[in-house]
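Colleague: Pasting in a structure now, in structure tokens, and then I'll have a few things to ask.
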Amino acid sequence: MTVKLQQDVKEFRNSFLVLLQSYQGDYQSCLSDITAAVQRTQLSIEALQACQSEAARLQQHLEELESRYHLEQQRRRALHNSLVELKGNIRVHCRIRPFWSFGHKLDGSASQNCTTPGEVVHAVDDETVLVRCALPGRPPTDKTYNFERVYGPAASQAVVFEDIRPLLISLLDGYNVCIMAYGQTGSGKSYTMLGPHSEDDAAALLSGVHEDLGIIPRAAEELFRLISENPSRSPKVDVSIVEIYNNNIFDLLAKDNSTVMLGAKCQMATMQEGRSEVPRLTCRPVTSAEEFVGLIHKGVRLRVQHPTLVHKNSSRSHLIVTATLTTASPLGNTATQSSQASLQKIAGASNWWITPPPASSPHTIPADSADHPGQVLARLQLVDLAGSECSAVSGVTGLALKETSFINRSLAALADVLGALSEHCDHIPYRNSKLTHLLQDSIGGNAKLLMILCVSPGQKHMAETLRGLTFGAQARQVERRAPRRRPPSPRMQKPGMGLAGSQALP
């Protein structure tokens with residue numbers, strides 16, 4: 001019994017020693033793991049501290065880059081707008097319509113300088129128009145007119161729009177922009193501004209196939225493309241459409257009680273501040289180019305058209321499309337003194353283009369605009385003028401003859417305004433016509449104005465063509481103060497304000 005007990009104790013002791021050795025091995029292994037983990041933790045802490053230091057350095061570098069970016073934005077705006085202003089306050093481009101022989105359009109691939117019988121207007125180069133005047137009993141004479149840009153019959157809609165694109169950049173920089181098409185009936189004004197214009201225009205924008213789209217749908221597409229590149233400015237676009245028919249103003253987006261668009265007649269009103277507005281003008285918000293174009297199509301359907309001997313779908317009214325853009329100011333009064341000091345430090349010796357902001361600088365927001373802090377307002381006006389015409393050529397009678405009379409009188413009023421501006425007269429007759437009254441700030445104000453002069457090349461229309469070219473040459477003589485930006489007041493930001501109340505804005 002004693003021997004067996006001793007043997008059991010010995011076996012138990014041996015088992016204990018084996019177990020102890022096993023535990024000691026596990027302990028050493030765990031201790032090694034813990035030591036390694038502590039070492040790794042120390043390395044991680046050191047790496048984290050290094051990352052924190054690097055993050056702080058990168059944050060400082062990012063802030064410096066942001067300051068440089070804002071500085072470069074300012075410089076780009078200054079250079080871009082200096083370039084636009086160097087091209088002239090009122091820029092006139094001339095577009096020659098393809099020659100139509102016996103009602104058929106010539107091949108668009110024809111040369112700009114073709115000499116088709118009956119064709120008397122030619123694009124000599126990108127800046128010169130030649131008119132070959134051949135009067136009965138007199139030797140033919142050539143007259144030349146120079147413009148900032150001349151488009152021959154083969155020029156596509158895309159080529160024309162390329163010269164419009166920089167103005168939309170100016171619009172987003174806070175400058176008012178006006179693009180106007182002028183010319184006789186059938187010279188291609190509506191085609192230039194709208195294109196063939198149908199309900200398929202919005203679908204064409206979506207599909208990317210829009211070779212014939214005019215300036216208005218292309219401008220809508222480009223505007224929202226530019227907006228999408230800088231969504232932080234939170235832009236808002238509102239659209240209004242009016243026509244001036246027989247010297248009366250009609251809101252083409254107005255609806256009756258049953259939400260049917262009817263084109264309501266409007267009146268202009270002079271406010272206490274002396275501004276002219278169209279009260280209760282309908283303004284519709286749009287968030288895409290497709291919405292913009294769809295709205296244009298709905299409004300243009302109400303535009304007055306009558307057939308004449310010159311054009312089967314002659315527009316009998318002036319069409320004015322206004323896009324009002326509200327966007328965050330790139331540098332408002334929210335900028336801190338330190339950021340301004342940082343900008344100046346980064347600019348260094350290269351701040352030759354930086355000038356201290358005046359009282360009406362876009363970088364300072366007036367106290368009365370507290371409802372919209374840090375915001376500025378700009379307008380894009382797209383104008384398709386009714387065509388000038390000779391009643392003897394167009395063959396109009398009755399109501400159409402009355403329409404022609406109003407159209408020609410309003411265009412004559414426009415010529416009178418440009419003439420008075422070019423001669424620096426003390427009194428400019430803006431109020432002689434609703435057209436010039438509405439466009440007062442675009443013609444004689446601070447807007448960047450581009451006039452596209454559309455002409456017909458045929459001998460039959462030579463008289464009207466010469467009148468149009470002379471009108472364009474006169475418009476080029478107008479000297480206005482340089483376009484500038486100006487902070488808006490709260491009343492300018494109310495929906496439904498008039499077109500003529502627009503000012504040059506930041």
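Cβ atoms are placed via backbone N, Cα and C, with glycine included.
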Colleague: Look up coiled coil in TrEMBL and report which of 48-82, 328-362, 468-502 it refers to.
Modeller: 48-82
Colleague: Give the helix, strand or coil assignment DSSP yields for K189 (ATP binding site).
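Modeller: K189 (ATP binding site) sits in a helix per DSSP.
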Colleague: Please compare the binding-site residues G183, G186 by how many other CB atoms fall within 10 Å of each one's CB, and tell me which has the fewest.
Modeller: G186
